[in-house]
Amino acid sequence: NQTLLTEFVLSGLSSHPELQHLLFFTICFVYSMTLIGNLLICVVTVHPTLHMPMYFFLRVLSFLDISTASVVVPKMLVSLLSEDRSISYPGCVTQLYCVAFLGVTEWYLLAAMAYDRYVAVCSPLRYAAVMNSRLCLSLVLLSCCSGNVVSVVQTAWVFTLSFCGPRRINYFFCDIPPLVTLSCTDTSLYERQIISATVLVIFVPFCLILLSYTCIISSTLKISSAESRHKTFSTCSSHLTVVTLYGASGTLIYLQPKSGNSEDTKKILALIYTTVIPTLNPLIYSLRNKKVKEVLIRVVAVLMKK
């Protein structure tokens, strides 16, 4: 009876007791790197020499990565060392909302970053006028609003389902696919709704990103300087790497919410976009960006002196 349901039980990453401590230290290390790397990006991109739209978006992206990892990882770490893996009903609702909100917001932010690169490469003389602070802030707010609308609707729909059977979620956090699997009612209509939402949320921004980079590649190939072409491709490849990792993992999970991929496969994919990608983003963007590396070295040097 859903009215009597007060909590769920998370199965965690692995059912093998001998792996719990190894997983704990591994995930703890990765989470620490996520916090350190993204906090450094947030600090570095405030530097006066990096007051450009690209670095503003990068700072917001780092904040979203910290938030995504912090919503999922601490509870996962506690579960790895504790026999009590329960999560309250309100806690599950909150976690699902936060994961959906942050995920959708980040995906739309990546589309905004692609547009920024398009203007920078294809209309460099108009870049400062087009990508002004007002437009940048509007794109971030639009991304947040989109994330909020999608997460509110998805969370509300998921928790209108009846959970009258086992309350054990075969996952390490509250997410749509395992909760749909747990429901004892007919979810075929809801599964179709998830697929439709996935198409709108993932493929529409992806098409905009693809269009932006088609124009960017076309313009870049017309540049006579090989060094300039390499610099442009290097900057864009960082963004495309993140888009590919994020979009592929999300698509494989949500396009088949109740069938297709095994639960273990979905756990791995979910681990990638909630834990691994937030760790990789600072490395992908900082190691391939000369300005970020220069400021980062200066900031680290100052911190070490203190």
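All residue numbers here begin at 1 and follow the chain in the order shown.
Heads up, the Cβ atoms here are built off N, Cα and C, so glycines get one too.
TrEMBL lists 22-44 (among others) with the feature transmembrane segment. Same-chain residues lying 6+ beyond the ends of the transmembrane segment (22-44) with a Cβ under 8 Å from its Cβ atoms: 13-14, 50, 58-59, 62-63, 65-66, 69, 73-74, 76-77, 80-81, 275-276, 278-279, 281-283, 285-286, 292, 295-296, 299-300.
Across the domain 'G-protein coupled receptors family 1 profile' (37-285), mean pLDDT in this model comes to 84. According to TrEMBL, the feature domain 'G-protein coupled receptors family 1 profile' maps to 37-285.
Look at TrEMBL and you will find 56-74 (among others) tagged as transmembrane segment.
Packing against the transmembrane segment (94-115) from elsewhere in the chain are residues 54, 57-58, 60-61, 64-65, 67-68, 71-72, 75, 87, 139-140, 142-144, 146-148, 150-152, 154-155, 158, 173-176, 179, 201-202, 205-206, 208-209, 212-213, 239, 242-243, 246-247, 250, 273-274: each is 6 or more residues past its ends and has a CB under 8 Å from a CB in it. Feature annotation from TrEMBL assigns transmembrane segment to 94-115 (among others).
Feature annotation from TrEMBL assigns transmembrane segment to 135-159 (among others).
According to TrEMBL, the feature transmembrane segment maps to 194-216 (among others).
Here TrEMBL flags 237-256 (among others) as transmembrane segment. Within its own chain, the transmembrane segment (237-256) is flanked in space by residues 103, 106-107, 110, 113-114, 117, 175-177, 194-195, 197-198, 202, 206, 209, 213, 265-266, 269-270, 272-273, 277, 280-281, 284-285, 288-289, which lie at least six positions past its ends and keep a Cβ under 8 Å from the stretch.
What TrEMBL lists as transmembrane segment is 268-287 (among others). Non-local neighbours of the transmembrane segment (268-287) in the same chain are 13, 27, 30-31, 33-34, 37-38, 40-41, 44, 58, 61-62, 65-66, 68-69, 71-73, 99, 103, 171-173, 175, 238, 241-242, 245-246, 249-250, 252-253, 261, 293, 296; each lies 6+ residues outside the stretch with a CB under 8 Å from one of its CB atoms.
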